[in-house]
Amino acid sequence: MNNFLYDIYPILPEIFILSNVCILLVYGVLFSSSIKLGYPLLAQNLGLLSCQILGCSFIITYYQTFLNLSSWSDFFINDIFTFKTKCLIFLMCLGWILITFSYINYERINSFEYWILILLAIVAILFIIQSYDLLTMYLSIEFQSLIFYILASFKRTSEFSTEAGLKYFVLGAFSSGLLLFGSSLIYGLTGLTNFLDLAKFFTGMPMLELSSWIGLTTGFTLILVSLLFKLSAAPFHMWAPDVYEGSPTSITLFFSIMPKLAILSLLLKLLILSFHDFITFWRIIILICIIFSIMIGTLSAFSQIKWKRFIAYSSISHVGFFLLAILSGNLEGISSSIFYVIIYVITMLGIFSFILTLRFYNYSYHYQTRYLQDLISLSRFNPALAISLTLFLFSMAGIPPLGGFFAKLFVLLSVLQTKSFGISIFVVLMSCISCFYYIKLIKSMYFSSINEWKVLYPINKLNSLLLGFSLLFISFIFYDIELLSILSTLMSFSFLN
């Protein structure tokens with residue numbers, strides 16, 4: 001009985017969400033098809049209920065007594081890193097729902113299934129974060145991927161959305177096959193799937209035969225390539241720009257922040273814990289991905305004319321910084337990677353809050369901005385929005401004293417401790433180059449001339465509040481930067497074991 005309670009206790013938030021998903025599904029099916037009620041639209045109701053469910057799940061997680069143990073026959077882990085990451089996921093999801101709520105009303109996404117899929121995707125992300133076994137890792141990632149394929153193609157009347165979902169499905173299925181094949185190779189050669197057991201096994205790597213070492217290296221490479229694909233790291237980034245562009249904007253925001261944190265947490269467990277004895281090997285792969293990600297993300301962003309493709313390439317560049325922090329393989333690198341992800345997520349929430357609120361009014365209808373040229377002379381239409389976006393872009397570029405500067409600084413300091421001077425100089429140079437396309441956008445807002453005047457649609461109060469909150473966080477983090485630094489360091493302590 002005690003073992004059963006220890007298994008149930010760490011996943012109480014997931015059980016709570018799944019039970020509510022079943023209730024919402026029954027509620028949606030019964031009421032949306034009711035003739036007496038006139039076939040009501042339930043999307044707004046389910047959106048508010050989803051927000052309440054996630055709020056209650058965060059409270060359940062936050063007030064749980066912390067237990068540093070594994071559960072479900074060591075399939076899941078509940079350490080300090082997992083505990084804090086789950087809290088961050090719930091806060092991000094709440095912010096995402098509040099930011100995108102007005103967009104869903106504007107775009108008339110009236111299907112109640114939308115919110116059920118979002119809740120299931122969040123559960124899948126939570127399972128990925130807690131995974132402590134190759135089997136649960138694969139099943140959780142597949143659970144997440146199947147939902148993401150549907151969400152990417154949710155706009156059935158849009159050719160771009162259908163293309164995005166199909167392309168994501170084909171390439172995602174290929175990467176899942178690599179993950180499964182790599183896991184089966186490792187299990188076939190070792191008979192182990194648990195992360196901690198694999199870490200103990202690989203301490204005797206020098207005693208293995210050459211054929212076994214080649215097989216294990218091949219299996220590990222396939223797993224690493226699959227996870228880098230899910231993280232949209234170059235040269236495995238081909239799907240990201242098209243999927244970001246074709247998906248609904250709210251889903252694009254979801255793709256750009258939620259899976260990043262989940263896959264990063266999984267990478268940290270695999271590279272730092274299970275396969276730490278392969279460090280000389282996986283450092284080469286990670287280093288190649290860093291160079292390609294930062295170079296392709298930076299240079300490709302120059303030629304983009306659409307917002308979502310621009311953000312896709314910008315996020316690929318930031319993935320390079322995630323991996324750069326992992327490259328050091330020490331506690332400072334883990335801490336700086338967590339710090340960088342937190343700053344990145346808050347910045348992306350702020351930028352998408354701007355994109356979702358920037359709607360232009362044309363007689364009898366209003367439309368959302370899609371092109372970067374819509375920013376021309378924005379300072380004349382709405383100076384407050386122009387200043388807000390300027391600060392967010394400066395933060396993405398790493399201009400002091402904004403949050404993005406400290407995030408990049410901590411990553412570079414962790415890399416310099418390992419005396420990796422060459423990659424550090426390369427990253428600094430590419431960061432300087434990336435400043436040009438951010439400054440180019442700022443120039444168009446303040447100094448470019450406009451051919452015709454545009455009328456901005458009134459900004460939603462909730463979106464303006466969230467935009468202001470994220471802006472204050474990014475702008476004034478230097479006043480109490482130790483708070484986030486302590487949090488990220490505390491989360492990294494679980495890897496000391």
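Using N, Cα and C of the backbone, Cβ positions are placed for all residues, glycine too.
Long-range contacts of the transmembrane segment (40-60) within the same chain, counting only residues at least 6 positions beyond its ends with a Cβ under 8 Å from a Cβ of the stretch, are 12-13, 16-17, 20, 24, 27-28, 31-32, 34, 87, 90-91, 93-94, 97-98, 101, 104-105, 109-112, 114-116, 118-119, 122. Taken from Swiss-Prot, the feature transmembrane segment applies to 40-60 (among others), supported by sequence analysis.
With a cut-off of 8 Å between Cβ atoms, the residues of this chain six or more beyond the transmembrane segment (87-107) that come close are 13, 43-44, 47, 50-51, 54-55, 57-58, 61-62, 114, 118, 122, 125-126, 129, 248-250, 253-254, 257-258, 261-262, 342, 345, 349, 352-353, 356-357, 359, 366, 368, 460, 462-463, 466, 470. For 87-107 (among others), the entry in Swiss-Prot reads transmembrane segment, with the evidence type sequence analysis.
For the transmembrane segment (109-129), the residues of the chain that approach it from at least six positions outside its boundaries are 13-14, 17-18, 20-21, 24-25, 28, 32, 41-43, 45-47, 49-50, 53-54, 76, 82, 85-86, 89, 93, 97, 136-137, 139-141, 143-144, 147-148, 150-151, 154, 248, 250, 254, 258-259, 261-263, 265-266, judged by C-beta separation under 8 angstroms. The transmembrane segment feature in Swiss-Prot is assigned to 109-129 (among others).
Within its own chain, the transmembrane segment (134-154) has Cβ neighbours under 8 Å at 75-76, 109, 111, 114, 117-118, 120-121, 123-125, 127-128, 161-162, 164-166, 168-169, 172, 176, 179-180, 183, 186-187, 193-195, 223, 230, 243, 246-248, 251, 254-255, 259, 262, 266, counting only residues six or more beyond its boundaries. Positions annotated as transmembrane segment by Swiss-Prot, on the basis of sequence analysis: 134-154 (among others).
The transmembrane segment annotation in Swiss-Prot covers 169-189 (among others), and the record cites sequence analysis as its basis.
Sequence-distant contacts of the transmembrane segment (213-233) (same chain, at least 6 residues past either end, Cβ-Cβ under 8 Å): 134, 141, 145, 171-172, 175-176, 178-179, 181-186, 188-190, 202, 205, 239-240, 259-260, 263-264, 266-267, 270-271, 275, 278, 281-282, 285, 289, 292-293, 312, 315-316, 319-320, 322-323. Marked as transmembrane segment by Swiss-Prot on the basis of sequence analysis: 213-233 (among others).
Taken from Swiss-Prot, the feature transmembrane segment covers 253-273 (among others). Only residues 6 or more beyond the boundaries of the transmembrane segment (253-273), in the same chain, are considered here, and those with a CB under 8 A from a CB of the stretch are 81-82, 85, 88-89, 92-93, 96, 99-100, 118, 121-122, 125, 128-129, 131-132, 137, 144, 148, 151-152, 195-196, 199, 223-224, 227, 230-231, 243-244, 247, 279, 282, 286, 311-312, 315, 319, 322, 326, 329, 334, 337, 341, 344-345, 348-349, 352, 356, 495.
Look at Swiss-Prot and you will find 278-298 (among others) tagged as transmembrane segment.
According to Swiss-Prot, the transmembrane segment annotation covers 310-330 (among others).
Distant neighbours of the transmembrane segment (338-358): 88, 92, 95-96, 99-100, 102-103, 249-250, 252-253, 256-257, 260-261, 264, 307, 311, 315, 318, 321-322, 325, 368-369, 374, 385, 388-389, 392-393, 395-396, 403-404, 406-408, 410-411, 456, 459-460, 463-464, 466-467, 470-471, 473-474, 477, 484-485, 487-488, 491-492; these residues of the same chain sit at least 6 beyond its ends, with a Cβ under 8 Å from one of its Cβ atoms. Summarising the annotation, Swiss-Prot assigns transmembrane segment to 338-358 (among others) and lists sequence analysis as the type of evidence.
Long-range Cβ contacts of the transmembrane segment (386-406) within its own chain (Cβ-Cβ under 8 Å, at least 6 residues beyond either end) map to 314, 318, 339, 343-344, 346-347, 350-351, 354, 375, 378-379, 431, 434-435, 438-439, 441-442, 445-446, 467-468, 471, 473-475, 477-478, 481. Annotation source Swiss-Prot lists transmembrane segment at 386-406 (among others).
Feature annotation from Swiss-Prot assigns transmembrane segment to 422-442 (among others); the stated evidence is sequence analysis.
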What parts of the chain pack near the transmembrane segment (169-189), using Cβ distances under 8 Å and only residues at least 6 beyond its ends?
134-135, 137-138, 141-142, 145, 148-149, 198, 212, 215-216, 218-227, 229-230, 236, 238-239
Per the Cβ under 8 Å criterion, with at least 6 residues separating them from its ends, the transmembrane segment (278-298) contacts 202, 205, 217, 220-221, 224-225, 228, 233-237, 271, 313-321, 323-324, 326-327, 329, 423, 426-427, 430, 433-434
